[in-house]
Amino acid sequence: MIYKNLSLNLKNKYLILPLILAGLILAFEPVIALLIMLLTLLFVNLRKLSLEKHDFLFRLITVSLFIRILFFVITVFSISLHYSTGWQKHPVFHKVIGHTTQLFRDLQREIENGERLDGYLRGDYGNASIKDVITYEEGKTRGFFLHFGVYTQGFLNFILGRSILNLFIYSIAGLWMILLVYLVAKEVFCENVAKVSSIIVAFMPSFIIWSVINIRTSMTMILILLIAYFILRFADNNHIKYIILIGISAAAINLFKFKLFLPLCLSSVLALFFGLKINLKRKLFIIFIFLIFVLSLFIVRPHILNKLTLRMEDMAMVQRAYVQEGGTTYKIYDEYIYREPEPKIPIFRFIKALPKGIFYFMLAPFPWRITHTLRLYSYPQIVLWYLILLFAPIGLLTALRYRFKYAGLVIVFLAPFTSILALSLGNEGIAARHRDLISPFIIVFASVALCNLFGYLKNYKTQDY
């Protein structure tokens, strides 16, 4: 009895320090508790995998986490330096550091607007509208940048208090992409491909950057990967729960990139159709009947065709700001389109513009057009991306040969979505950022080629899929 009481007293004694530490964390930096909870949630999901997979992903995500912590520190330092005065007078600092502020511009804006939203929620601005709070400051107007990133920071500041660590939630959320790429790659081909794909994604510079500075881009990538994973699982058993999960994921994209909702719905519906367990001839027959129906509808109801044409023209007119080619912008469509007061763009002109749009979308920014320091910093990313593109077609052909059903579904899912992006973007920086929405899938196909090159697919090629 005495021994048991002594053991309990010792246990209580050793529990005191952790409890005190937890209390201090909650008192001074409550966001740390939230960060720990989010990390725990990720690692708990890893426990559902087999021991070997769990150990591999646990180590990979842990290393990736430390890399993101390092870049987070660099980001905070750069933004802090931007607020300081005097460094702009020195040419070296202005050249080496000043140009990088464009990279952190959106995050800096989210920090500022998140603080304003916090003040608005606390009633610091009286009866002023949220739009006035965000757009007006000291006699000058600002852009109305009120989106998910601002809401995230604003509510975290309001609930947990203002802390630079509130920004680190972005990095924790971005780690989920490593797990999802692993799962998608395993569905498309095999576990070795999944490992290589997740390693590339974990250390890809652009993914590290977006996970730290752009919550909307990283969360959109995660949701697109989720949709693709559910489509691949749907192809196995055609269970309705995957359609529901795809719908929820697509709806969630409205919070981050609402303009992508309709293109993703189109791609998802098309991929789900091809994932149905009916033979190819029936699918082609259904498509033929559907096309006949659509053409008949256009003839009977011409206003529907007019509305569709207007939507396509709206997409093309996104390029209005990029008619003048130069700097980091480029033209997709013929210039004379913009000289017409009310352009009527024939469908063949969209088809004509598609190859050029895809070329720029997949390859820009070009390494031979380095015009400033920030572009120089992106050079390693560009070279790595070009190497991935070199292997991707080979891997795609290999995947289509041995896993036609699943690789084909990925292509069906990506093709319309990529085409729409290629036809509606005209800025190299924006194109490079949106390209990362589909680049995880390109990496998966490149990983197939790499595994095949080093002999890691021998066992899988002989299996009956």
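A Cβ is built for glycine as well, from the same backbone N, Cα and C atoms used for every other residue.
Note: TrEMBL annotation is automatic and uncurated.
Here TrEMBL flags 15-44 (among others) as transmembrane segment.
The feature transmembrane segment is assigned by TrEMBL to 56-83 (among others). Long-range Cβ contacts of the transmembrane segment (56-83) within its own chain (Cβ-Cβ under 8 Å, at least 6 residues beyond either end) map to 39, 42-43, 46, 49, 97, 100-101, 103-104, 107-108, 111, 164, 167-168, 171, 174-175, 178-179, 182, 195, 198-199, 202-203, 208-209, 211-213.
Marked as domain 'Glycosyltransferase RgtA/B/C/D-like' by TrEMBL: 153-303.
The transmembrane segment annotation in TrEMBL covers 164-184 (among others).
Annotation source TrEMBL lists transmembrane segment at 196-213 (among others). With a cut-off of 8 Å between Cβ atoms, the residues of this chain six or more beyond the transmembrane segment (196-213) that come close are 57, 60-61, 63-64, 67-68, 71-72, 75, 103-104, 106-107, 167, 170-171, 173-175, 177-179, 181-182, 184-185, 221, 378, 380-381, 384, 388, 432-433, 436, 439-440, 443-444, 446-447, 450-451, 456.
Residues annotated as transmembrane segment in TrEMBL: 219-235 (among others).
Annotation source TrEMBL lists transmembrane segment at 242-273 (among others). If one looks beyond the transmembrane segment (242-273) by at least 6 residues along the same chain, the residues whose Cβ comes under 8 Å of a Cβ in the stretch are 147-148, 215-217, 219-220, 223-224, 226-227, 230-231, 233-234, 283, 286, 409, 412-417, 420-421, 437.
The transmembrane segment annotation in TrEMBL covers 285-305 (among others).
Sequence-distant contacts of the transmembrane segment (353-370) (same chain, at least 6 residues past either end, Cβ-Cβ under 8 Å): 328, 330, 332-333, 376, 378-379, 382-383, 386, 389, 418-419, 421-423, 425, 428-429, 431-432, 434-435. The transmembrane segment annotation in TrEMBL covers 353-370 (among others).
Long-range contacts of the transmembrane segment (382-400) within its own chain (CB-CB distance under 8 A, at least 6 residues past either end) are made by residues 188-189, 200, 204-205, 362-363, 365-367, 406-408, 411, 439, 442-450, 452-453, 457. Residues or ranges marked as transmembrane segment in TrEMBL: 382-400 (among others).
What TrEMBL lists as transmembrane segment is 407-425 (among others). With a cut-off of 8 Å between Cβ atoms, the residues of this chain six or more beyond the transmembrane segment (407-425) that come close are 188-189, 227-228, 231-232, 235, 263-264, 266-268, 270-271, 274-275, 315-316, 318-319, 332, 350, 353-354, 357-358, 360-362, 396, 399-400, 431, 434-435, 437-438, 441, 444-445.
Summarising the annotation, TrEMBL assigns transmembrane segment to 437-457 (among others).
Sequence-distant neighbours of the transmembrane segment (437-457) (same chain, 6+ residues past either end, Cβ-Cβ under 8 Å): 177, 181, 184-185, 188-190, 192-193, 196-197, 200-201, 204, 206, 217, 220-221, 224-225, 228, 260, 385, 388-396, 398-399, 402, 407, 410, 414, 417-418, 421. Cβ atoms under 8 Å from those of the transmembrane segment (164-184) belong to residues 29, 31-32, 34-35, 38-39, 42, 45-46, 53, 57, 60-61, 64-65, 68-69, 72, 75-76, 107, 111, 114, 152-153, 156-157, 194-195, 197-198, 201-202, 207-208, 210-215, 218-219, 221-222, 225-226, 228-229, 232, 440-441, 443-444 of the same chain, restricted to positions at least 6 beyond its ends.
Over the domain 'Glycosyltransferase RgtA/B/C/D-like' (153-303), the average per-residue pLDDT in this prediction is 87.
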